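Quick notes on the structure that follows.
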Amino acid sequence: SAKIRGISAHFLIKNVYGDVNFIFQQDLELCDDPQFILGGATRTDICQGALGDCWLLAAIASLTLNEKLLHRVVPHGQSFQDDYAGIFHFQFWQFGEWVDIVIDDRLPVKDGELMFVHSAEGNEFWSALIEKAYAKLNGSYEALSGGSTTEGFEDFTGGVSEMYELRKPPRDLYRIISKALERGSLLGCSIDITSTFDMEAVTFKKLVKGHAYSVTGLRQVNFRGDLERLIRIRNPWGQVEWTGAWSDNSSEWDEIDPTEREDLCLQMEDGEFWMSFKEFLRQFSRLEICNLTPDALSDDGLSHWNTIQFHGSWRRGSTAGGCRNHPNTFWINPQYKITLLEEDDDPEDDEVACSFLVALLQKDRRRYRRQGQDMHTIGFAVYEVRTEQGCQNVHLKKNFFLSHSSCARSETFINLREVSARLRLPPGEYLIVPSTFEPSKEADFVLRVFTEKQSETEELDDEISADLEEEEEITEDDIDDSFKSMFAQLAGEDMEISVHELRTILNRVNIVIIITDIVQFLSCCEVVLCNSSTLQKDGSARLGLVEFQILWNKIRKWLVIYRQFDLDKSGTMSSYEMRLAVESAGFKLNNRLNQILVARYAENEVIDFDNFICCLVKLEAMFSMSLLFL
């Protein structure tokens, strides 16, 4: 048997059975004639076991309805017979790319039965093996407990999901469904349950509560002098069908043109049925749409979204600013600009607007469950940016957000892996700001933008640059006599100060120009001498009188900046203000470099004067060195 820790032994032992009487067995040991897929992959192959991953199983069941998508996840040609090597492989979409997961054929067994997913056919194993592969992708079986069906859908298709409550549908829902079907999207609908007794309960018109239906078509027919909107629904069970208006045997079909009726491919007792769109909104509770990306569509004739994606991160102290409720830090979140160029082509809509989807997905959070972490609460806001505000390649600062309201946002901040929203805005430039609800929450994320028409997108980030002042030109005649006297007394006969002497001098001389309570900054002197070429004119790592005066002047200038951003006069500066403070000192840095500086020089999200000086000296040295090679 394999090592138990490979599938999270603690979870299996304590949370599932409470004992250790289970082993891993090969499929060949479980039955005489194991089959990978027997008679085609169907929803009856997926029976839940002891693990609470019904959300995943529902997604796998839906996948069986689309053979081409199924074969992307479960590649052809695998079996227990031909050239069998004891391994299988599956493909899943993960944050912008398809990854291949290889597993062996050993599955967890207790008392001779599979512990988790199994097929109704005792010798069929594809569903148990795909669950094991997905558990490997996420770090353990334990990580699969609890989730959203749309999460599984996205990992099986690479698409982006959106959900609509049919009790309060958008006014253009019919158009949304029509365009989704044109693009080959996967659509599902369901009826909410009010209690566990409602699960799989059948209504008097033969609709099943808590059951996943598929939406497969839309049509408009001439009926009693008006156009009637119809929607086609499929029940994966293939037997229980709607018996209300426009059902297979209803009288409404007798009142439309026979050619039109034949064109709708009316078939009896096949699990697929028509109903009026108005009735659909009354009978069903929820509609989910999984929009597929171009690489998942096999039919070149289908129209599709234009897709752009960005990979980003929230880091404590530098880019994890929280939501708009935190105005002092919200601006430090990553920012992305989208330029909507063309309005939608919709003859029935007079509004000049561009449709697009924004989807924010947090990465790898299931893997961290074993460390006691879970999904963060995430969302995003959208701001209009007028051309005259000139936001090209500039990370917008706090004042912009204090004076502008968002023009759109995610419907809510929620602790799901992905939050998405369909938006319609006039052509123009917009800023998308993804964030966690609370500041200082760390995570990596993917931001995807799907547009109907061509658009331009870019991350707003400052270009790296430095405004280095020309080297200060002073002579000994420019230096104050009292400063000269102090220097002569402390420098010794050679009239030069080494690193150790400098530290001693600055510790002994209590100069109020610096700050009375902060003497730790003296440790930066060694960094000054080792890194600042502008202070070591002869390369000796020792300071003469003029060099010491130049150092002193720099520290005085940086002290003014430090005090400016020490807002609460505590003697420390918030790491969230690091970006502005460094910029005030003449250095423009991008998000990545700001993250590195905060990680290096901040402690508990604050920066003291010592570290601030060390940081500026290091930056000055690096930019000075780079200029030598230009």
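Glycine is no exception: its Cβ is also placed from the backbone N, Cα and C atoms.
As written in TrEMBL, here are the features:
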- CYS54: active site (ACT_SITE)
- HIS211: active site (ACT_SITE)
- ASN235: active site (ACT_SITE)
- 29-293: domain 'Calpain catalytic' (DOMAIN)
- 553-588: domain 'EF-hand' (DOMAIN)
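Model confidence over the domain 'Calpain catalytic' (29-293) is summarised by a mean pLDDT of 85. Using DSSP to sort the residues of the domain 'EF-hand' (553-588) gives these counts of helix, strand and coil: 23 helix, 5 strand, 8 coil. Cα-Cα distance from HIS211 (active site) to CYS54 (active site): 12 Å (rounded to the nearest whole number). ASN235 (active site) and CYS54 (active site) have their C-alpha atoms 18 Å apart, to the nearest angstrom. Cβ-based neighbour count (10 Å, all protein chains) for HIS211 (active site) stands at 18.
The DSSP secondary structure for CYS54 (active site) is helix. In this view, the densest Cβ surroundings among the active-site residues CYS54, ASN235 belong to ASN235, judged by other Cβ atoms lying within 10 Å.
According to its DSSP assignment, ASN235 (active site) is coil.
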